[in-house]
Amino acid sequence: MRAFQTPLPLTFRVNASSKLLGAIRRRLERDVLPALAREGTMRAPKCVGWYPERLAFQIDVARDATLKASASRGVVALHEFLKQAGETGALTRQELVSMIPPLLLDVKPGHRVIDMCAAPGSKTSQLLEMSHAASGKGGKSPSGVVIANDASLQRSNLLTHQCKRSNSPALVVTNHQAQLFPMLYDAKGAKLRFDRILADVPCSGDGTLRKSPDLWRKWNPSSGVDLHTLQLEIATHALRLLEVGGRLVYSTCSLNPMENESVVAALLKRAKGSVELVDVSSSLPELKRRPGMKYWKVGDVFGFHESFDDSAGRKRQKTLARTMFWDAEYDKFPLERCVRVFPHLDDTGGFFITVFQKTKELPEDMEALPFVDANKAYRLARENAEWNEKKRVAPVIKFDDSSAVASITKHYGLSDALALDGALMTRQHSDLPGVSPKRLYYLSKGARKVLTATAKDGASAGLQVVACGVRAFERQIVKGVKCAYRITQEGLDAVYPHMKKQVVRVRAAELETILARQQDEPGAKASIGGARSSSSDIPEEITHAKSIEKLKSVADGCVILVPKPVGDDEDNEVEASALAVACWLGSGAKGKSLSVLASKVEGAQLLYQLRDCMSRKTVQ
């Protein structure tokens with residue numbers, strides 16, 4: 001209780017799959033954190049031991065503090081760092097306990113994954129990062145899919161904003177009530193189920209008292225009782241959607257057994273041996289935790305009840321359910337395998353996590369979808385069909401302009417491995433037929449399979465898609481430019497590894513000048529060794545003979561500038577490729593010019609990383 005009454009420290013994690021990973025971590029450990037430690041006004045910043053690869057940090061600053069208004073220069077510098085790195089997706093501010101469920105899911109690149117109650121999206125971003133990181137070096141994108149679902153369209157839009165920073169072709173954002181998420185079927189009529197499911201369900205939130213002090217006034221015993229049935233419905237449906245052999249992580253930010261162990265035990269009882277609790281005691285070994293409760297009492301606003309039948313003759317909440325009560329059968333369930341995290345153990349919030357493994361098909365009565373009468377079924381079908389129009393969300397449309405795809409493929413020399421044909425989608429309102437799409441989104445194989453799935457009878461599955469894929473190409477029709485689409489900076493992660501044309505290797509100092517000019521740095525100019533070309537057909541920033549030769553070999557329009565790595569070292573090549581910058585090579589009254597297509601925020605982070613690589617002599 002004393003721990004709950006203290007402010008929650010600021011915590012964040014670095015994106016494990018970010019191409020900026022090395023520079024971000026070096027900047028943190030070399031500049032930002034030492035500056036805080038030198039001031040001596042707080043406990044030393046802490047690298048979280050149980051989080052893989054030293055990528056999570058805890059700082060003794062209240063998470064709700066106004067960092068930029070701090071009197072501490074170190075804290076103000078921390079604010080600027082968090083803001084810049086957060087906007088580029090290289091870093092995410094997230095509560096420590098919230099990072100645990102994705103780590104216990106054990107996501108692989110080819111998995112179909114769904115986060116059923118995903119908003120605000122920090123866990124989904126983590127799942128995407130893990131999926132990309134597991135794909136290995138060389139910019140290889142995961143072949144699977146990560147669906148971020150939420151019942152609220154408003155929260156789904158916030159979710160899209162949070163997750164799109166991952167620049168992942170595997171992302172699909174949907175808007176469904178979790179317990180009613182549609183069962184999907186492939187072209188052969190087989191169920192399209194998920195390998196990994198995260199159900200971080202709506203809860204009373206009593207584990208968040210440190211970050212939400214208003215809960216001290218609002219909390220009452222009815223909260224957990226009111227939500228138990230919904231939580232059980234969501235978890236039951238999650239098991240229906242789960243593939244045999246798949247893993248479900250059920251979690252809440254509550255410590256109430258009505259929302260935790262009673263839900264878990266009821267699921268195990270219903271499943272009749274078809275699912276089991278996974279022992280995760282050896283996972284994240286440095287995480288301080290407590291085992292799940294084996295016994296509990298059921299209480300509501302009227303007091304405690306011995307049993308469901310006993311409560312029938314006295315005052316009780318209408319939401320009280322039989323599944324809340326302890327049952328003698330529960331003795332055989334290893335509920336101690338549930339994970340409870342308390343705030344005083346490691347200066348965190350409170351949290352509950354359980355990992356299920358589906359070992360065989362569910363019993364028929366559990367597998368059966370809830371009964372829906374014909375009138376309600378018709379109404380739901382109508383609502384699904386009209387969802388885009390009612391919610392004013394542009395539908396997802398397959399981009400099947402083969403001539404445009406051929407033009408993009410030829411112009412950028414894209415390899416067959418990217419397989420653009422059939423992999424592009426667009427968003428277009430139905431009242432604008434025939435308009436050439438402005439944006440093209442690239443989707444992973446797994447994402448495409450989900451979006452083309454149907455209902456059992458072959459009809460539309462009614463999937464309500466808010467966003468999908470990564471914006472890879474954008475229309476830019478300019479006289480004299482052969483291809484109507486340019487590559488976006490966010491699409492480079494997926495597209496660049498497959499490009500054979502329109503890529504120019506330049507000197508690091510030339511790229512530094514171009515990025516510095518975008519940032520309006522005073523004195524930024526082309527001033528490196530080598531013969532300076534006076535020709536109007538060469539941008540003034542490009543001065544080295546080999547860079548000039550390379551630039552002359554590409555067509556006007558979108559070009560990708562990449563610094564030269566030092567030597568043949570594979571790691572140096574990876575770092576150089578991570579600094580690829582999308583630019584526009586155009587002609588004007590004063591000759592050729594180069595414009596950076598990345599946002600100014602992205603440009604600032606790329607410039608920092610470039611200078612970091614130059615100082616370490618990995619690029620030249």
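Glycine residues also receive a Cβ, built from the backbone N, Cα and C atoms like all the rest.
Where the annotation comes from TrEMBL, it is an automatic prediction and has not been curated.
Database features (TrEMBL):
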- 1-359: domain 'SAM-dependent MTase RsmB/NOP-type' (DOMAIN)
- Cys117, Ala118, Ala119, Pro120, Gly121, Ser122, Lys123, Asp150, Asp200: S-adenosyl-L-methionine binding site (BINDING)
- Cys253: active site, nucleophile (ACT_SITE)
Other CB atoms within 10 A, centred on Cys117 (S-adenosyl-L-methionine binding site): 23
Other CB atoms, at most 10 A from the CB of Ala119 (S-adenosyl-L-methionine binding site): 23
Cβ neighbours of Asp200 (S-adenosyl-L-methionine binding site) where a neighbour is any other Cβ within 10 Å: 24
Chain-internal residues, separated by at least six, CB under 8 A from Gly121 (S-adenosyl-L-methionine binding site): Ala148, Leu158, Leu159, Thr160, His161, Gln162, Cys163
The residue listed as 'active site, nucleophile' versus Cys117 (S-adenosyl-L-methionine binding site) - Cα distance in angstrom: 13
S-adenosyl-L-methionine site span - longest C-alpha distance across Cys117, Ala118, Ala119, Pro120, Gly121, Ser122, Lys123, Asp150, Asp200, in Å: 13
Cα-to-Cα gap, Cys253 (active site, nucleophile) vs Asp200 (S-adenosyl-L-methionine binding site), nearest whole Å: 8
Around the Cβ of Lys123 (S-adenosyl-L-methionine binding site), the count of other Cβ atoms that are within 10 Å: 25
S-adenosyl-L-methionine site shell beyond Cys117, Ala118, Ala119, Pro120, Gly121, Ser122, Lys123, Asp150, Asp200, criterion: Cβ within 8 Å of Cβ centroid: Asp115, Thr124, Ala148, Arg155, Leu159
